[in-house]
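What TrEMBL says about this protein:
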TRANSMEM  20-41  transmembrane segment
TRANSMEM  62-84  transmembrane segment
TRANSMEM  90-115  transmembrane segment
DISULFID  153-186  disulfide bond
DISULFID  154-170  disulfide bond
TRANSMEM  233-254  transmembrane segment
């Protein structure tokens with residue numbers, strides 16, 4: 001007596017094209033990030049002289065954009081091709097990387113909660129290093145200015161942190177006109193002024209500290225961010241949950257498609 005096995009297993013088109021659509025967004029976003037980063041570097045002349053990146057002691061925001069773009073582009077490409085070609089290796093790479101990123105995010109959140117003082121010290125050190133390089137990179141400058149204006153803050157812990165920058169240092173022998181001042185983003189905006197006064201912070205720190213309140217923000221950006229977080233905890237939690245759910249959804253789609261492909265291959269083996 002002969003026994004025959006008829007397998008009706010097939011790869012689900014629903015999961016296949018849903019995963020493809022999911023990853024095409026990743027891929028297009030990655031292309032956009034890479035294009036924006038390369039354009040920014042070309043404007044700064046970095047593409048013709050890469051030493052401009054290594055010579056910057058602070059953070060070049062463009063590097064972060066390029067790193068995010070590279071990761072998104074690679075994951076999106078692997079997911080798209082893996083889904084269309086039903087390639088288990090590419091799908092496992094995509095799934096494994098998403099799992100790794102998800103676990104990394106969870107670990108970072110837990111460690112940040114458990115070691116708050118250490119995190120605060122590292123953030124302070126990071127911010128001070130970027131203050132030193134404020135005038136070295138236009139993108140870093142714009143990032144710090146935006147942070148100070150949005151949070152109504154100045155420096156890492158106080159406006160005196162701008163002594164870390166050679167142009168704003170009070171004790172420096174530099175002839176800089178900005179000596180003993182602060183960037184314009186530290187200034188309290190005047191509603192009557194429609195044009196930004198970029199010289200409003202000049203010589204501010206030559207005055208007594210009791211006079212600073214009328215002209216500049218006196219709270220540091222680290223205390224300002226620490227005060228902002230409890231007020232917006234639901235927004236932060238909502239964003240974190242939304243990102244986590246998107247990652248879990250991508251992992252589910254990839255694992256389901258891998259299982260379907262393996263089932264079809266097992267069925268065809270008989």
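From the backbone N, Cα and C atoms, a Cβ is placed for every residue, glycine too.
Here the features listed in TrEMBL are painted onto the structure.
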residue	record	CB count, 10 Å
153	disulfide bond	26
154	disulfide bond	27
170	disulfide bond	13
186	disulfide bond	25
Distance [Cα-Cα, Å, rounded] between residue 170 (disulfide bond) and residue 186 (disulfide bond): 17
